[in-house]
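These come from Swiss-Prot:
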BINDING   30, 211, 236, 240  Zn(2+) binding site
BINDING   271  ATP binding site
MOTIF     32-42  motif ''HIGH' region'
MOTIF     268-272  motif ''KMSKS' region'
């Protein structure tokens, strides 16, 4: 089996992937808190770990993947109050919307998508075990806290020192805690909030405990890879390790992989900062493959700058690939499978080598683009036999592994998307001219005409942008 190397956040080094069970990779990836539509920042781990899963399957592993939904949280409760609906309606709605957006991106469903609320009984039992082992304690009001100082090596994932954390901690007004660093395992109920029974009080689980319990129940006491965004390293993943070690005496995962953040004008893309760009809007404007090329164009551990210009570049790159594939299938609508020769093996070996080296998708994509050039060159030279080989590499090997270029429908979608963008940009430029000449009435009519077509103009310091609403 191909030797695969990954960067492990815990050991802070690139290490060979040596699975606990030969030939099987068990992987847990933290999913979203379902209180809104997912944005491009949420989509990066979805696309990255879906592609990693595809690659591991390609080189011969059986992959068992779990990705959870946090379906009870303050944000969900607040959203429900704002819209005067039940909290479960909010969670159910945005779980369905998540799968809709995942389908738009061509991200496969995990083997399991557990919800926190389906594991409350197991969570309560886990907390009881930690209390018995003296790793947790109930407070006077029924809250239950994890005693961080019971673990001497707390902070090993993030590289944080307990004493430094203590010194840098803000004054904690929560007098129920024995130590300001202790984190909540069980929250006592507030009026009007959903609650579950427990030995301590009616309440609900804390955030960190859910992943420890769900991963253990579905993948066992220890599994191979735990993935997620680097913003989860501390405190979420650090606390997961603490809980799992308290419960089982060992960390939940052998390896930890974390993707970098999407950056918008210097800040992390997040709903709290109001700088998000929703997945469905991105796919509509830049196409599925344009968005996925963008998300795979940088090494997964590196931060990525988000901008309209960068997405446009990736959309055009995707269009060039589709043009080459469609050029071949217009001549040969039903391409056969070629015999793998030495040249093809060399291409495949380079592609696998790139992804085996800490999942280096930028290098893998450069090999894909080189192959597309060779496809066009072979077509130009009338060498259809070689063109078939290059087509096969792009369409049937590289594409399925990375999760791109898997739909013939994409051709028309991409053409339409680019043409629509050019049309709207032309109208925006015309409107700007009218505004410059103080012909505001005509400028407003152009804006209103677009709005009637569900295209909303947004005048920003960086210029006029637009969004398309359903």
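Just so it is clear, glycine is given a Cβ too, placed from its N, Cα and C backbone atoms.
Overlay of Swiss-Prot annotations on the structure.
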residue : record              : Cβ neighbours (10 Å)
30      : Zn(2+) binding site : 22
211     : Zn(2+) binding site : 28
236     : Zn(2+) binding site : 16
240     : Zn(2+) binding site : 27
271     : ATP binding site    : 16
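According to DSSP, residue 211 (Zn(2+) binding site) sits within a helical segment. Across the motif ''KMSKS' region' (268-272), DSSP classifies residues as 2 helix, 1 strand, 2 coil. Listed in chain order, the residues near the Zn(2+) site other than 30, 211, 236, 240 are 207, 208, 210, 212, 226, 228, 232, 237, 239, each with its Cβ within 8 Å of the site Cβ centroid.
Summarised as a single figure, the pLDDT of the motif ''KMSKS' region' (268-272) averages 84. According to DSSP, residue 30 (Zn(2+) binding site) sits in a coil region rather than a helix or strand.
Under DSSP, residue 240 (Zn(2+) binding site) is assigned to a helix (H, G or I) in the three-state scheme.
For the pair residue 236 (Zn(2+) binding site) and the residue listed as 'ATP binding site', the C-alpha distance works out to 18 angstrom. Reported as a whole number, the C-alpha separation between residue 240 (Zn(2+) binding site) and the residue listed as 'ATP binding site' equals 24 Å. Taking CA atoms as the reference points, residue 30 (Zn(2+) binding site) and residue 271 (ATP binding site) are 17 Å apart.
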